[in-house]
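Taking it in order: structure first as structure tokens, then the write-up.
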Amino acid sequence: MSGQRRVLAQARTVLAARSGASARTAGDTGYLIYLVFLTVVLVAVPAAVSIVRGVAQPQVLAALDSPGSYRVVAVVAALLAATALLLGRTRGAVVPSPFLTEFLVGSDLPRNSTLRRAFMATATVLAGSVVTVAGLVIGARIVGGEAASVSMVLVVFGFLAFAIVLAVLWLMGQGLPRRITVTLAVAVIAAGPLAGSDGVLWVTPGGWLAVLWQSLGAGTPVWWPAIALALSLLSLLAVPALLNNLRGSEIMAQSRRWQSIGTLVQTGDIAGASGALRDPPTRGRRIRIPLAGPLPWAILRRDLAAVCRFPLRIAVGSLALVSAGWLTATTSTAPDGLTWLTALAGASIGYLAVGVYCDGLRNAAENAGPGSMYGRSALTMIGCHSLLPCVAALAFGGLGVLVAGASGTAFPWWLLLAVFIVLVRVLDSAKGPMPITLLLPVPTPLGDVSILNAIVWQADALLIIVAVAGGLTVNFHAHGLGAAVWLALAAVGVAAGALRRIRALGA
């Protein structure tokens, strides 16, 4: 064992020298501390204060203290556990650089020694993020006039312990076979509606967290859930075995994939980066895709057969569309402090979710040019490929509106909103590669801010959705027809912009 530790220490010395960490001077360290200090003071603290003040509104605090809020916490905790299991197959809890993977993971050293630090770093970041969320909520309750109590401390500790359990589940999803992780995740998702029932709360970490949350409103500390969550930290004992179970080939594949994704993001190719996240299809190889009949009908069937080759992706996207419709419909009945949150979340989730049905749309835009292999114009092909996302948005989002049981005006509003979302998708798919001029330096007293140009260019569609769709959804329940007219005019403007881009692609 001492020999392995000596070899590992020497290997880390080589890695530190290769990364330049050993050559860092005192001035470099001081500048790094100065940069972190400015970021915390100028960005993190004002953002935290704004969030706390927003959550501290009486309507929001009333929603957080509602009798059924702890059940929502249990359901969300179950969904987070399923997400951690599924995420491990795409981006595991331990993804070192390709060089480190080849240098250390490929050696004869045990992986529980070479990868322990990487897992600890991931678990620390995850725990810090979860505890920050809990701290913001607790801070809002204190700002709202509630006195600090032992229950608040127990809730923060509960969030910390649950975050560690999530990290272990994340590592488990990375190491176990895909069939097992998917089965476990589907079982957790299927049992999600039961996670908030009183009988299940006693036996799951998410249920223990929900009981701690419930104790905030009661004002009396409940110790046994905190003790149970503390005992759940014994799951860390399985980490060495899970690390040793990781296969070097899978670690290298994820490492290379995420290195290429980072490179694509730095160059502004967000579409390429998102495409690199997708696994090759394994189903539907024998599905026949006839191209007979009218062109729109043939392309619709072809796009539908293509998306069916990714069943899990389509299932998640469809559920997200249902959630988007539900959030949009419940905006009218949400408390005043939550209307903007539900409206923006519904519009944003709807835009992101409909993207799983836009593969054909993106392919048509990428292959648009003066000469088409199908003998059709770029406008015709993009228009035909827009049918499937439009049908999906109308159907699944409309189902979410019906589930919400909102007023009669909510369904027509979603129909108009779904068409607008698809038009924004068309606008985004037809914008082509990012102009190189946006990457030219923009010197300012604060440094080079050329990255802001690239960010705005990449996120223009999402900004339109947030500003127009989200903003008008809030105003619709107050102004009705006026907001609908403005959304229709915005849709016409987006359609005109998309038409101009499509003609530029086909020129």
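Note: Cβ is positioned from N, Cα and C throughout, glycine not excepted.
The transmembrane segment annotation in TrEMBL covers 31-56 (among others). Beyond the ends of the transmembrane segment (31-56), by six or more residues, the same chain brings 64, 136-137, 139-141, 143-144, 337 to within a C-beta distance below 8 angstroms of the stretch.
Here TrEMBL flags 68-87 (among others) as transmembrane segment.
Among the features that TrEMBL reports, transmembrane segment is placed at 118-143 (among others).
TrEMBL lists 149-172 (among others) with the feature transmembrane segment.
Here TrEMBL flags 184-203 (among others) as transmembrane segment.
TrEMBL lists 223-243 (among others) with the feature transmembrane segment.
Residues annotated as transmembrane segment in TrEMBL: 310-328 (among others).
The feature transmembrane segment is assigned by TrEMBL to 340-358 (among others).
Residues annotated as transmembrane segment in TrEMBL: 379-404 (among others).
Only residues 6 or more beyond the boundaries of the transmembrane segment (410-428), in the same chain, are considered here, and those with a CB under 8 A from a CB of the stretch are 325, 328-329, 332, 347, 350-351, 354-355, 358, 361, 382, 386, 389-390, 393-394, 397-398, 400-402, 404, 460-461, 464-465, 468-469, 473, 476, 484, 487-488, 490-491, 494-495, 497-498, 501-502. Per TrEMBL, the feature transmembrane segment maps to 410-428 (among others).
Same-chain neighbours of the transmembrane segment (449-472): 268, 270, 340, 343-344, 346-348, 350-351, 417, 420-421, 424-425, 427-428, 431, 434-435, 438-442, 483, 486-487, 490, 494, counting only residues six or more beyond its ends whose CB sits under 8 Å from a CB of the stretch. Residues annotated as transmembrane segment in TrEMBL: 449-472 (among others).
Per TrEMBL, transmembrane segment is recorded for 478-499 (among others).
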- prompt: Sequence gap of 6 or more, Cβ distance under 8 Å, 3 or more pairs: do the transmembrane segment (379-404) and the transmembrane segment (310-328) meet that?
  reply: yes
- line: Answer key: the stretch among 118-143, 149-172, 340-358 with most Cβ pairs under 8 A to the transmembrane segment (68-87) is 149-172
- prompt: Any residues 6+ beyond the ends of the transmembrane segment (223-243) with a Cβ under 8 Å from its own?
  reply: 94, 111-112, 115-116, 119, 154, 157-158, 161-162, 164-165, 168, 171-172, 175, 205, 208-209, 211-212
Message: Same chain only, please: residues at least 6 beyond the ends of the transmembrane segment (310-328) with a C-beta under 8 Å from a C-beta of the stretch. Say none if there are none.
response: 86, 182, 278, 281, 283, 342-343, 345-347, 349-350, 352-357, 392-393, 396-401, 403-404, 410, 413-414, 417, 473
